[in-house]
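These features come from TrEMBL:
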DOMAIN    118-276  domain 'Fido'
ACT_SITE  H207  active site
BINDING   D211, G212, N213, G214, R215, M216, A217, R218, Y249, Y250  ATP binding site
Amino acid sequence: MQKKQLWIWQHPYYPKFHYNLRELLPKITQISQSIGQVKALITLLDKDTQTNIKIDLFTSEIVSTSAIEGEHLQRESVRSSIRKKLDATFDKVYDKSTHHTDSLADILMDTILNTTPLELERLHKWHISLLSQTPSRFTKIKLGVFRDYDDMQIVSGVIGKEKVHFVGVPAKRIDNDMDALLKYINTSDDDIYIKSAIAHLWFVTTHPYDDGNGRMARIISDYIISKDFGIEYKYFSISSAIAKDRKNYYDKLEMSQNLIDNPDLDCTAWVSWYLDRFNDSLQETLDAINRVIQKTKFWDKVRQITLNQRQLKVLSKLLEYNEGEFQGGLTTKKYVAMTKTSLATAKRDIQELVKLGCLHQIEGTQGRNIRYDIVY
C-alpha cells in the first residue's frame, strides 16, 4: 500500500510554486508607497538621528528573530554590537556586547553590505555564526553543514501526545533542493518581495540544518530585500512585525507546507501574509521617524519658553516613554514621584505647562483621575 503523501515536497512538481499576482499587486504597490514615504521623511533628519534609527531597527531585527524561536537576547548587548558597526564615535566604555551578539551583528551587516550572489559557503558561515555561541535543544548539532538524516520533524505537545506539524525533505534531496533555491534567489526575475517570501517558505520546507532553520530563513529573506535597499535605506525590521503575529506566522507556513491544505503548490496566502507583515514593518518605521520629527519640533518650541528643571525632566521622560511608563498620560502623582516635589508644586508646574501649550488635559479625564499628554 502506498504511503499517504502529506507534504508539498512530495508533490511531483515541487518546488514549482505559483501565486496569484493580481491578488498580490495591491500589497506590493502599498509597500512601494510606504518605502517612498520612508525615503522622503528620512531626508528631513540629520545623519546622527538617521544612524540612531537604524541602530534601533537593526537591534529589533536581531532581538525579534531570536525571540520568535524562544531565545531571549539582552537588548542592550545587541545594541552595543550594532552601534560598534554603525557609530564611529561609540565609546567602548559603554560596550555591553557579547561574542554571540557580535556574531549576530556580523551576519546582519553581511546581508546588507555584501551584495554578491548567495552561495552555500556563505550560508554555512551564517549558520556557524548564528549558533556557535547558542545552547541548542539538541545535545550536539553540526554547524555549517547540512543534516545527514531524514527524520527532521517539527513537533509540539507533551511526550506521547506530540503533534507533527511538518517533516523536512529527505537528506538525499537537500543538496539538489538548496542548489535550486540558490539559483532562484540569484537569478529569478520575481518581484523581490515575492521572492523573499517564497525563498523563506522554500528554505524552511527543505529544513537543511540540524537547528536554526527558521532564523536562517529570515536571514535569507532579509538578504534578498536588503540587496535592493543597501545600507542607505535599510530602515525596516521584518522580524519585528513577524514576532507580533507569531502564531499566524507558523499557521501560514504550516498550511502552505501541507499537501492536504495546499495540493497545488499555491503560495499566494503565505506571500500575501508576508507582504502584509513587511508593510507593517515599514509603518513602524514611519511611526518612529514621525515621532522623532515631532520631538524635534516640540523641543524647538520649548526652547522659546523658560521652564524649570522639574518641568524639563518630566517633558523629556514623557517624550521618551510615552508608550511605556507614561502610557495613558501624565498624572500629578507621577509628577511628584519623578521630581520628588510637593503635590502643590506639582499641580502648579503642570498648570503652567498647560497654559504654555506644552501639555493638554486628556479628554474624558477629570478630578483625581485627570491625566495630561504632550502637545506636539
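Cβ atoms here come from the backbone N, Cα and C positions, even for glycine.
For H207 (active site), the same-chain residues that are 6 or more apart in sequence and have a Cβ closer than 8 Å to its Cβ are R147, M152, I154, F166, G168, V169, N213. Long-range neighbours of A217 (ATP binding site) (same chain, six or more residues apart, CB within less than 8 Å of its CB): A199, H200, F203, V204.
Across the domain 'Fido' (118-276), the prediction's mean pLDDT works out to 92.
Long-range Cβ neighbours of Y249 (ATP binding site) (same chain, at least 6 residues apart, Cβ-Cβ under 8 Å): I68, I242, W273, R277. Under the three-state DSSP scheme, A217 (ATP binding site) falls in the helix class. Residues D211, G212, N213, G214, R215, M216, A217, R218, Y249, Y250, recorded as contacting ATP, have a largest CA-CA distance of 18 Å.
Other Cβ atoms within 10 Å of the Cβ of N213 (ATP binding site), summed over all protein chains shown, number 21.
Sorting the binding-site residues D211, R215 by the number of other Cβ atoms within 10 Å puts R215 first.
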